[in-house]
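Read the structure below first, then the notes.
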Amino acid sequence: MSSTAAYQVLAAETSCVLEEKRSEFITWLIPVQNRQQAMDALQNLRQRYPGANHYCWAYILGNAQQPQSQAFNDDGEPSGTAGKPMLNVLTHRQAGDTLAVVVRFFGGIRLGAGGLVRAYSGAVSMATEQADWKIITPAQPLAIQCDYASEDRIRHLLQQTGLSVTDSQYGSDVTLLLAAPLDQLPMLQQQVQTLTAGKGSVKVCEPAGEDRI
């Protein structure tokens with residue numbers, strides 16, 4: 001799979017509660033862009049629910065079908081009974097850029113390894129079903145260079161394609177900075193060449209995947 005493919009992410013945070021044999025499993029799904037955001041969100045939930053027995057978590061960064069990074073933690077539950085099943089649900093649901101945290105308050109009845117796997121995976125599954133999702137497309141920061149006579153034509157092209165100039169630089173020529181979906185790059189290159197009679201160019205500024213649209 002290409003890293004340029006559109007993928008699914010949360011439209012907003014969501015939470016739900018699953019009760020299993022008097023234990024309470026409070027699940028949060030939170031959109032995150034990096035590990036630090038995920039760990040900060042986890043710490044916020046620890047403070048929000050003091051006294052819980054476990055704060056198990058899993059996250060996927062980037063496209064769930066080709067993750068940039070993924071991780072999980074059982075937080076004291078028997079190995080393999082919490083974090084990994086939670087991650088498996090996120091992967092199956094193709095939940096990109098998503099942190100799942102399940103806060104457990106123990107109800108006094110042990111569930112056993114199989115019961116824990118079912119409870120943690122079931123809690124995250126419930127949350128993914130209730131969540132709102134959206135599709136995002138990886139975008140590439142670009143620099144379009146053209147002469148002054150072509151600037152208005154280039155700006156009109158960008159407006160027609162729904163792209164916004166984030167910065168403009170003026171020197172011996174004009175440089176327009178923007179971020180565009182990667183699947184539009186060939187079209188932009190062709191159109192800029194046409195509108196500038198071969199004098200303009202579209203240059204990639206940095207590796208793809210840093211921006212989202």
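Backbone N, Cα and C define each Cβ position, glycine as well.
It should be emphasised that the depicted structure is a prediction, and the values quoted were computed from it without experimental measurement.
What TrEMBL says about this one:
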DOMAIN    21-127  domain 'Impact N-terminal'
DOMAIN    144-199  domain 'UPF0029'
### Query
Per DSSP, what is the residue count of the domain 'UPF0029' (144-199) in each of helix, strand and coil?
27 helix, 17 strand, 12 coil
### Task
Provide the three-state DSSP residue tally for the domain 'Impact N-terminal' (21-127): helix first, then strand, then coil.
40 helix, 31 strand, 36 coil
